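For reference, the structure is listed below as structure tokens.
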Amino acid sequence: LAGVLDDCLCDIESIDDFNTFKIFPKIQKLQERDYFRYYKVNLKRPCPFWADDGHCSIKDCHVEPCPESKIPVGIKAGSSNKYSKAANNSKELEDCEQANKLGAVNSTLSNQSKEAFIDWARYDDSQDHFCELDDERSPDAQYVDLLLNPERYTGYKGPSAWRVWNSIYEENCFKPRSVYRPLNPLAPSRGGSCLFYFLMQFFKHSLCLEKRVFYKLISGLHASINLHLCANYLLEETWGKPRWGPNVKEFTRRFDPIETKGEGPRRLKNLYFLYLIELRALSKVAPYFERSVVDLYTGNGHEDAESKALLLDIFRDTKSFHMHFDEKSMFAGDKKGAKSLKEEFRLHFKNISRIMDCVGCDKCRLWGKLQTQGLGTALKILFSEKEIQSLPENSPSKGFQLTRQEIVALVNAFGR
């Protein structure tokens, strides 16, 4: 790949250099830290759109939950709990509160800060979410160690997997009303890739920027997942010992210009576009984390300080990138039309996050939910610039908040 990406003034070579030498080594280290490696997820939520096809029976589809004893005390004790007046008025409840620490923010705060938490508890921020969030208090929600459950090819394929992607592309992507054929770039159709090429050219000239962006994000997410499956593929299994590694043949089938009649490079360019969107979100959310009140809290003070220092270092790098995507060009029309389009954008993406509960393979579902939530968090950030800029220094704001799950998803999705 080479050259400038559509809808932005950034070239692929600059992204490659920036990521290889600045971002990737640091983001990889950050993902290995306790705060970011443990993700709480409910893999038992039923599919809300069609009858369950049955789960993948292949052993590599299985996700091994993390025992309670392995979870750092600062994470497991209160990632979904919030402060209450009762907790501040009772010594017994104060002790309980101390044990149940908030996951994203250290609870060793002033009374003023605690009052801000009470205000936050009253604030219903569901209107800002671009994803259907798992209820962390559900008995079916479990912590998963992402390092011990890597994203890779499990053998999950066929009608169940196709149904998920076809539903995402056909039912949720913005497209001209006159187009009824499958939009999945890998789906079989009479017109093959020629039809898809025609549609993409049609999109480029008929859809507004916001709708093109939406489609390219979904395509980029699809490309990202497929790339990781090709890069970490079950090559052989002898005497019960699997060997994982890159599958060049599978990569070629999905992305080579000749094999895909020119579609492969377009899919990969959409992955670069996805990278730019999430990079932009990281640069925009930096003020939220730069405040002293925010602590990546696990209970290990030394590691927490190092994790935050590394995260802030990454933010400095993101700000140094000179070819960011300009999100201000989106939803810039008349206020009524822009607001309506933004809400449509949010609901479309939220619907896609719900479709992830229809994935039959637990490991695929885990990484699908995490990366979708990460992208949803990035969108939430990009549409909350004013709220982030007005954050108070010494207390959390009820106008903009990130849960620990959103923070973990954002970093790991960008890492992927």
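Each Cβ is built from the backbone N, Cα and C atoms, and glycine gets one as well.
Remember, TrEMBL labels are computer predictions, not curated facts.
What TrEMBL lists as disulfide bond is CYS56-CYS61 (among others). Cβ neighbour count for CYS61 (disulfide bond): 18 (other Cβ atoms within 10 Å of its Cβ, all protein chains included).
TrEMBL lists ARG152, THR154, TRP165, SER219, HIS222, ARG254 with the feature FAD binding site.
Counting every protein chain shown, 24 other Cβ atoms lie within 10 Å of the Cβ of CYS361 (disulfide bond). The disulfide bond annotation in TrEMBL covers CYS361-CYS364 (among others).
According to TrEMBL, the active site, nucleophile annotation covers CYS361.
What TrEMBL records for CYS364 is active site.
Ranking the recorded positions CYS61, THR154, TRP165, ARG254 by Cα distance from CYS361 (disulfide bond) puts CYS61 first. Counted within 10 Å of its Cβ, the other Cβ atoms near HIS222 (FAD binding site) come to 21, all protein chains included. In the structure as shown, the Cβ atom of CYS364 (disulfide bond) sits within 10 Å of 25 other Cβ atoms. Rounded to the nearest whole angstrom, the C-alpha distance between THR154 (FAD binding site) and CYS61 (disulfide bond) is 6. Overall, the recorded FAD-binding residues ARG152, THR154, TRP165, SER219, HIS222, ARG254 cover a maximum inter-Cα distance of 21 Å.
Taking CA atoms as the reference points, TRP165 (FAD binding site) and CYS61 (disulfide bond) are 18 Å apart.
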